Amino acid sequence: MSSAGGATAEDTPRRGPVEGPTGWAREQLGTLKELLAKPLTTYYLILGCSGLLLALGLMMVLSASSIESMQKTGSPYSWFIKQSLSAAVGVLVMWACARLPHKFFRWAGYPLMALSIIALVMVLFIGSSELGAQRWIYLPGGLTIQPSEPAKLGLALWGADLLARRARQGRIEWRHMLIPLMPGTAILAVMVMLGRDLGTTLVLFMIFLALLWVVGAPIRLFGGILALAVLAAVIMIRVEPYRMARVGALLDPWADAQGAGYQAVQGQIAMGSGGWFGLGLGSSRAKWNWLPHGESDFIFAILGEELGLMGTLVVVALFGLLGYAGLRVATRVNDPFVRLAAAAVVAWIAGQAVVNMGAVLGVLPITGIPLPLVSYGGSALLPTLAALGMLLSFAKREPGAREALAARGPGPALRALSWLGLGGMTRGRARR
């Protein structure tokens, strides 16, 4: 019943879901917030982005390397098979690292740093020189090692543990931050530069700056370091004619399109040929001996040609999500070493991706560094997958992550073993 002129509860209009674009956007934003609040979001972001980039990289290596592989080995699949074997080993390394405690990585940084320095010294005496850079050690069976790649992981782990110990001891003044971090970084950088590898030196510098940033170094310290770095870069460019030529090619590659600007010009032609959606997988024209190193340094150009602008944007988005996931680890885990190591790995992988893609697009000089997880080369792939496995291990330390992993039950590998009668009983007994 209701009084005259009044309204019953049934007569009062109920407020339903907000309709229109604004309501849909709010609903999607709410869903995104719920997803980001879940404890395993970081874990699955790292795992998913790494897997997608690795799978895409294998497809692009198969396409980009097929012509040159046929010419040099007689089979279009030789380089792809080598990369696939490296990826298989790398996935096992990633899986193992994801299950190791963070204390292992604190310890591992010191021998890895020492071995990297020894290997870099060996490169200067027995290494092979290609394209003006001495970076590789050739082993029997056609295998090559590029010691500067594991040196990146060594610096990230060693520097993170060093600064974490300084912070725990309350020694956070700038002179405590720099010693021995700066001399150690300088030794690596000098060894790499003696091999004429400016690109890897730049990545080492990014790792160094990321460590200082996370530990809270003062801004004026960054100003001084950057000024010294710019001065050193100018000197290194001036003393090497091929680096001066690359800078000139950056400013106007078409001025010497058949000389110093040839690779940059061919990369831009390949990128422009792809249009919105590309020519299709395997349909690149640049890989037919037009674009040098299309399977490694310039694989992003082949990707843009075959998959178009949409494909390149997907790759950029995957690297962006991977960097975001790494920074989530650095901000959500309280352990100082984990925060420092995660930030250093993000600076390494994301920074290297930016430098590589920027060189292909013509906005940065060509440095010869690969696109992480995508370019051909096992020496670069294995340390990268090890670092990502370490991030997965760190992601398990986020609040509620271990409980969520335990609650989800056995993974697909254990389920497959149980179907074969090889693992189910052990897991079942462990739970009783």
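Keep in mind that glycine also has a Cβ here, set from the backbone N, Cα and C atoms.
Those TrEMBL annotations? Automatic predictions, nothing curated.
Taken from TrEMBL, the feature region 'Disordered' covers 1-23. Under the heading transmembrane segment, TrEMBL lists 43-67, 79-101, 107-127, 174-192, 198-214, 221-239, 298-325, 337-361, 373-395.
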Which sequence positions outside the transmembrane segment (298-325), separated from its termini by at least 6 residues, show Cβ-Cβ distances below 8 Å to it?
42, 45-46, 49-50, 52-53, 56-57, 60-61, 63-64, 263, 266-268, 270-271, 273-287, 291-292, 346, 349-350, 353, 356-357, 360, 370-372, 374-376, 391, 395
The transmembrane segment (107-127) vs the transmembrane segment (174-192): 3 or more CB pairs under 8 Å:
yes
With the transmembrane segment (174-192) as the reference, find which of 79-101, 198-214, 337-361 contributes the most Cβ pairs under 8 Å.
198-214
